[in-house]
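According to Swiss-Prot, the features are:
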- Cys64: active site, nucleophile (ACT_SITE)
- His419: active site, proton acceptor (ACT_SITE)
- 586-653: coiled coil (COILED)
- 36-45: compositional bias 'Basic and acidic residues' (COMPBIAS)
- 256-269: compositional bias 'Polar residues' (COMPBIAS)
- 546-566: compositional bias 'Low complexity' (COMPBIAS)
- 576-585: compositional bias 'Low complexity' (COMPBIAS)
- 589-662: compositional bias 'Basic and acidic residues' (COMPBIAS)
- 668-679: compositional bias 'Basic residues' (COMPBIAS)
- 705-725: compositional bias 'Low complexity' (COMPBIAS)
- 739-757: compositional bias 'Basic and acidic residues' (COMPBIAS)
- 758-775: compositional bias 'Basic residues' (COMPBIAS)
- 55-468: domain 'USP' (DOMAIN)
- 1-45: region 'Disordered' (REGION)
- 113-146: region 'Disordered' (REGION)
- 238-269: region 'Disordered' (REGION)
- 496-775: region 'Disordered' (REGION)
Amino acid sequence: MGSFLRSFRHNGGSTAPSVGAVPAKKEPQPPPMTPLEKRLLDMGPIREDGSDKFYGMENYGNTCYCNSILQCLYYSVPFREAVINYPTRTPIESLEAALAKSLRYPNPNAQLEAEAQAEKQKAANAQRPGMPPNPQQKPEDKDSPEYKKKMALQTLPLLETQNNASSYGMSESLFTSLKDIFESVVGSQSRIGIIRPQQFLEVLRRDHEMFRTAMHQDAHEFLNLLLNEVVANVEAEASKQPPIEKSLPAPETADSVDQSSSTGSKTPNTTRWVHELFEGLLTSETQCLTCEKVSQRDEVFLDLSVDLEQHSSVTSCLRKFSAEEMLCERNKFHCDNCGGLQEAEKRMKIKRLPRILALHLKRFKYTEDLQRLQKLFHRVVYPYHLRLFNTTDDAEDPDRLYELYAVVVHIGGGPYHGHYVAIIKTEDRGWLLFDDEMVEPVDKNYVKNFFGDKPGLACAYVLFYQETTLEAVLKEQEQENMDSNLAATDANDTILKQNGFPQSPLAHVHSASQIPSHEDNLRPNGLRRAPTAPQLSTHHEHGDPESAPFSPLSPLSPLSPLSPLSQTPPVPPVPERVTTVATPPKNDALAKKERAREEKERKAAEKEREKAEKLRRKEQEARMKENQRREEAELKAALEMSKASKAEEDRRLSHENGKEKQGGSLSRLKRGSKSLSHRLGKDKETRSVSSDLPPVPIPEHSTLSQTGPTSEQQQQQQQQQSPPNHDQPPNSPQLGKPTIREDEQVNHKDSKHERTGHGKWRSFSLRKKSFSILS
């Protein structure tokens, strides 16, 4: 087999030139296709509205600010149509005749000729004896924007605009120069190329002195100037025309008048198209804090400038734009009602929203420390779709939905230098990057790289939003989902390709009709891939040979002899669900069914989770209610027990207090006399020496009549029984001391007796009474 292939290649390449034959001239190879050309391969015929033209613009030295703004305005469909149709649309024949002179196609061999000339010059310099060899230059980076721009200038058609104001019936102005550019692009027969806006720049520098230098200019200032110039040129030209008669047109010319009006003919109503597209209305409300009078003033705007904050969004910046502002100190408000400067509150409200909203992010801020403008690299997120609300009561439309269609990006560290590029969303070719002469397709997510937080100096500077509807947004999202599914399918097909042939979904299934032929045996086997992991196979029981798996690597090798049909292994049964190959529409249908099934399962799972969560909350509430009832019952029982114990304590105290009240002072005297008589009896036992009579027993419960002598008689009796003490006078206070100590012992004994009868508090009261009597 190898010899067969070698002989085939040898025979195929054996056409050697004959001796003396003239070598053929090397044909120049065409330049490789750019990414934009690859994307435009499947486009149909050229459209008349110019929406399928993608032209770059040549940079004449720091004119990137002009190129980026002009690209954004061209791809605004209503603005482009209004410019082309005012005052009248130039016939396509006239445009083609003019473009035949202004459109220049470069020589496709210019690059090869330039390279050959450089090689000849290099060889000539090397042959000179006294010339030092040229240092080797580094090869150009073919992925750099500079190289791509140079190649675009060498390979793409160049479109030079000329002054055609006379054909419009107008004097040359900035508007007529803009119309020349738009009509040249629309009338060209090439979808790609490069415009040379030299005539437009000459008119701009002629009328405005600030743009005559080659210094870096501000793109937002140029946008504001261009829109105002267009308005001024259109209104000035309309004022020169005689007033239109009010008589009705003739029947035969009515259709032509309607057609001319619809295409933007020169009528008083058509001069307002710039205002209808870009003009909005703001209402400034100022309330004096002294007299509380509110004054209003309407202001028109063609673009809206908003202040920026770190880590914010366009929505928050617009909300801050409409926030209240305090006018005080040096910025007081002159109130006509008060007749002087007063403190006031000011607020800007949006009364009418434009169809095309040009949103200027104020990236350049003047700093007092540096005494100059400084660029703010704040992160400001801008959405693809923006909904704005009119904040006044008498607004015409309550809200409006916008979609982002263009972003002007400033690349640089400050306002005095840098570079501008434009990222624009086209009608049916997605997002494109316009960098002067270079035009390249980019992904939708590429727009998110210019919020201000990415590495580098590129930040979004001007955002262009155009009016849209909710239906259009939903349709666009559906189309994006379909494109992503197709891209995923293509990626899977690319991955499954083997040996240059697409892998079929049923490649692992071998039918009985697959009989190897002699031509199959002669096919080379050079790109066959061997598996690096063990192949998955099913388990076969009882060693059934008919159920053995058929491996993809099991077909006869080209180097092996041809085997008869009887030696081929049996084919396993094919499942019914894989008997047919699914076509792309069926794949899409299956994918839709699969997505619908997944969505249904997701919704069912979500309902189950909600049901379980509701049941869990219900059980938790029941437990909480049960705990609350139990706590209330325990608290109620504790209160009842507290009330019962309080009532018992009150009854016991009232019982004791009642007994004391019944006895009164006599009961206290009875207790005191009993204790005193008992104590005197003890003293008699200890101190009587001469008397042999036993002490008189005192009954434990004696009445007042049984107590006998009073306190004076008891003292006299004690003095008689006790021996006289000659060391101290009779009335000395020392006589009571031994009595008190002995009385303490007696009281200690009586306390035990009293505890058994009347409690511990009675013994304390007896001691107190005894001390009071003895003292």
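Start at 1 and count along the chain as shown; that gives each residue its number.
Yeah, the Cβs are placed from backbone N, Cα and C, and that goes for glycine too.
The residues of the compositional bias 'Basic and acidic residues' (36-45), classed with DSSP into helix (H, G, I), strand (E, B) and coil, number 4 helix, 0 strand, 6 coil. Cβ neighbours of Cys64 (active site, nucleophile) (same chain, under 8 Å, six or more residues apart in sequence): His419, Tyr420, Val421, Asp436. His419 (active site, proton acceptor) is surrounded by 19 other CB atoms, counting those within 10 A of its CB over all protein chains shown. Under the three-state DSSP scheme, Cys64 (active site, nucleophile) falls in the helix class. Secondary structure of the compositional bias 'Basic and acidic residues' (589-662), assigned with DSSP and counted as helix (H, G, I), strand (E, B) and coil, comes to 74 helix, 0 strand, 0 coil.
When secondary structure is read from DSSP and collapsed to three states, the residue listed as 'active site, proton acceptor' falls in the strand class.
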